[in-house]
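Student: Pasting the relevant annotations from TrEMBL:
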{"type": "DOMAIN", "residues": "19-394", "note": "domain 'Major facilitator superfamily (MFS) profile'"}
{"type": "TRANSMEM", "residues": "27-50", "note": "transmembrane segment"}
{"type": "TRANSMEM", "residues": "56-75", "note": "transmembrane segment"}
{"type": "TRANSMEM", "residues": "87-105", "note": "transmembrane segment"}
{"type": "TRANSMEM", "residues": "111-131", "note": "transmembrane segment"}
{"type": "TRANSMEM", "residues": "143-162", "note": "transmembrane segment"}
{"type": "TRANSMEM", "residues": "168-189", "note": "transmembrane segment"}
{"type": "TRANSMEM", "residues": "219-242", "note": "transmembrane segment"}
{"type": "TRANSMEM", "residues": "254-273", "note": "transmembrane segment"}
{"type": "TRANSMEM", "residues": "282-299", "note": "transmembrane segment"}
{"type": "TRANSMEM", "residues": "305-330", "note": "transmembrane segment"}
{"type": "TRANSMEM", "residues": "342-363", "note": "transmembrane segment"}
{"type": "TRANSMEM", "residues": "369-388", "note": "transmembrane segment"}
Amino acid sequence: MKHKEVRSDNQLTPQEWRTSGVLSGVYALRMLGLFLVLPVLALHAAALAGSDQSMWIGWIMGAYGLTQACLQLPFGMLSDKIGRKKTIYIGMLIFVVGSFLAAIAETLWVLMLARALQGAGAISAVITAMMADLIREQVRTRAMAMVGMSIGLTFAGSLVAAPLLSGLIGVEGLFVLTGVAMLAAMYAVHRFVPDPEQVTVRNRLPALQIGLQPQLWRLNFGIFALHAGQMSLFICLPFLLLQMGWAQEEQWKVYAPMVLFGMFLMVPIIMFGEKKRQLKPTLLLAIGMMIVAQGVLAWQSVGTIVLMTALVLYAIAFNVLEAILPSMVAKFAPPEQRGAAMGFYSTAQSLGIFVGGLVGGLLLSQMGLSGVFIFATVLMLAWWAIAYTGQAPQVRQA
């Protein structure tokens, strides 16, 4: 089966639409394993036998991200050697085993192991590399945007659905649901996603050298900063909303519009950057929007309208950056080592989540909400300066 349909225009082909849709769905299911249980997992862990060791609840929450960070690069490198599809199947099966184990876990230790197994199916980098293999460069950013939109929908839907579903089927049922959904996704990948063409390897660079290439490390720092800022934001935002009179069970009414507006309003920005080949200016614009949004949040004493405007601005910028960054990595990375490059990228992403949570929690306890928002703003300023010194990607012919 041919992996691409050749077209001279800048529209996704039917096969590219199918590939983008299926791979975006698989990516979203990976995130569903994190998001769907996030609002209810801590309470579930506290109810388990041995839960008097409450310090381990934090490890249960973080085990998923820790194994993700450790295994993104090995999975990416493996996909360069044995192929994307085989590697994706391996990661999916590991995730399924972890999901079903979490459903039957009766102790904190087993639940922590199960969460670590879920994270060990670290195929985010492989999915992104496969999308880069199968989608023409002219429309690749649009395809990457579908991934960002699927994640946004998953996040928004999880905030609403998790409390409702856990009341119907329990947290154990949520784990079973994610495992079964991943099995269905395996069939979809097999049925609808073609195999990428094998790239002939001539002068393969050492893996570490890939990660340290000047343009790639800038992008890796970018995704690290983006997710460190996101995690620190969501440590503080619930408390800020409480201060403003939003009860915990009502806060989804803030999150859902934030995510939905962010997804739809990002589209014209991405299309401009892609069609006009202005990815670097678009990148700098989006980082600037993040700086403004974080600065407003650091002020705190703002009204609801100003707060919502800042959050929508943040969401637009976040979704634009989620689409642009992997597309730029694919442009700068050697095609035969795209999996390794995406592995470094996804590792930086997972480390950003970990560091953002760690530093954000520390600053919250020592300096309060303003300290965390200032940290995120300074991080964005540093990223803008680093990105400004980077090169604009050159478009290669498909």
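Glycine is treated like the rest: Cβ placed from N, Cα and C.
Since the structure is predicted, the reported quantities are computational estimates derived from the model, not experimental observations.
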Student: Does the chain bring the transmembrane segment (305-330) near the transmembrane segment (87-105), so that three or more CB pairs sit under 8 Å (pairs 6 or more apart in sequence)?
Tutor: no
Student: Are the transmembrane segment (219-242) and the transmembrane segment (143-162) close, by which I mean at least 3 Cβ pairs under 8 Å that are 6+ residues apart in sequence?
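Tutor: Counting Cβ pairs under 8 Å (6 or more apart in sequence), the transmembrane segment (219-242) does not reach the transmembrane segment (143-162), since there are fewer than 3.
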